[in-house]
Amino acid sequence: MSTNKNRRLTNHKLFVNHCQNIKNEVKELLTFHPKEWISAFRSNRKYPFFVRGDIDGFVALYINNLSTLLAILLSLQPILGDNIVYSKVLPGTGLAMLWGNFYYVYMARKLAFKEKRGNVCAMPYGICTPGAFAFIYVIISPTYYGCIPTHDKAYCQELAWNVALASNFITGIVLLLLCVFGEFIRKNTPSVALLASISGIGYVILALNEYLPISETPIVGFIPFTIVMLGYFGGVTYGPLPVAFVALVIGTILGWATSLNQGSVVHEAVHLLKFYPPVFPMKEMFQHIDTIHFYLSTTIPTAIVIAIGTIQCVESAKRAGDFYPTHEAMFVDGIGTLIATCFGSIFSMTAYIGHPAMKKMGAKQAYSIINGLCYLPLCFFGISGLLISIISVVAINPVVIFIGLVICSDTLAITPQRHYPAFLLGLMPIIADWGKGTILSGVSNAYSNFTLPNVQFSSNVSSFITGFSYRGLANFAGGSLLQSIFVTAIFMYMIDRKFLHATVWSLLASFLSLFGLINSSNVGVLVKNTDDGWRFTVAYVMLAAFFLVLEIIQRKHWIKGQEREPDDLSSLEWAEWKREQGLKELITYDNSL
């Protein structure tokens, strides 16, 4: 009886603490700290403005941002055309990039002054890649192709752009609302679960995906790859030259020597060079604000993905020693998205993964400022196409791969060995999403090029796939970032036999799956017989009921009790637990003598 009473008191105390944390978050947001704000502008000898590592950090972040931007532009240009992309979308993107990169430096300077240290690294910043592609294929493309049968091409391009702007505006508003709960979510989600999702992106999107071009062109790619890996992992230096710069120069020379780079491509890119002033399309955007209810199933999940991604980036920075306020980082992303929207961009902005890698390179603050400034001419003068035609991009891929590998290795460093299976399972939704989005979408696009119009790949080819379950792949890939967190957290609590925690997470998963935010390729209220969302809801509820039964059995001491070892090897709780274990072993040894 006393044990059950103590557990009830503990649960009540936890609930009170959670409510107090939310209250403190709101109070923090509404409290002014003028002295702290001013500290960022004071001189700090311990925190130099520019160091050599900023060059490597800038090259890595700039190319990472550039590769993302170019991939998005290649998908966007066939729909919206060069005029809207270069004269309306890109200038707004440049202004938003300037805002985010500068503000994250401001946060880094505040932190360095507050903690009186000089090894603070600003968080990287850029375009939200999943959100951008979601807008292109779920909002812009259907709007454009739905308009074409009855209107001219120019009108349909303007319509698709305006609808996307209105949706992006709502995304920014949702982000600002979510920033109140950011720190609460971070503190109450297992660190390994948060980092498993971001590690999945690092391993699949940054490492595996970026290695494919190297494998395609080994004569150009192998030497730069070796240079980067030796420099960052092996400690090999190249005199006064930054590692990334050496890899870029050698790779570009090899690219031109092997005709991977073509002069004709450079000549074509020159025609896009001219000044594109920013636009302010607020009137057009609000005229189409009533159309966004068709796309809330995309805008809200996009905002959630950005919010979760920012929380993960803050957690990643924390592991690297830089404790940034979660709510402030989410505020930066929300305002950045609104700035982009107000000046014509349909891209959502977010903190970029890779802070630990930037810090390992030795970057501090200047790399972020340089990145923000360099994107102004890139976005205002149409330089992006020219730049990418001159350099050999495959030579920079190793830097991106390095960032992905560091993210994974840092997560493993703080993960107890008993949680390795949960971590590995958490990577799988990201891998499934990449497989579905990269390989199968590529096959689908190729399929559409030699079939009749409106003959869909999914209904004509995927239904005949027998080598694996395409439907299972689509469900496992659905909401991969959120799903990764839930899968990892539930599995971790299963391993630790913390059945109440597993029950709560299972019930949350059941709610999200009903609306297609996880475990589904569709978003909405998924209750039709042809939907899988309600099936996952039922399955998660069954799982929660099973965990409750196990909790009752555990309280009767019929099965093993909860694991006492903390789940974060870098936490103070784990250090204290380790010290207590050492004392117990010492006492046991003394008693045996």
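Just so you know, glycine gets a Cβ as well, placed from its N, Cα and C.
A quick note: this is a predicted structure, and the numbers were derived from the prediction, not measured.
Quick look at what TrEMBL lists:
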TRANSMEM  55-77  transmembrane segment
TRANSMEM  89-108  transmembrane segment
TRANSMEM  120-140  transmembrane segment
TRANSMEM  160-180  transmembrane segment
TRANSMEM  232-257  transmembrane segment
TRANSMEM  292-311  transmembrane segment
TRANSMEM  331-354  transmembrane segment
TRANSMEM  394-415  transmembrane segment
TRANSMEM  422-443  transmembrane segment
TRANSMEM  473-495  transmembrane segment
TRANSMEM  507-527  transmembrane segment
TRANSMEM  533-553  transmembrane segment
Comparing 55-77, 89-108, 232-257, 507-527, 533-553 for Cβ pairs under 8 Å with the transmembrane segment (331-354), the winner is 89-108
Within the same chain, the residues 6 or more beyond the ends of the transmembrane segment (55-77) and with Cβ under 8 Å of it are 85, 89, 93, 97, 121, 124, 126-127, 129, 132-133, 136-137, 140, 206, 242-245, 248, 347, 352, 354, 357-358, 361-363, 366-368, 370-371, 374-375, 378, 384-385, 387-388, 393, 396, 399-400, 402-403
Distal contacts, the transmembrane segment (507-527) - CB-CB under 8 A, six or more residues away: 297-298, 301, 304, 474-479, 482-483, 486, 490, 533-534, 536-541, 544
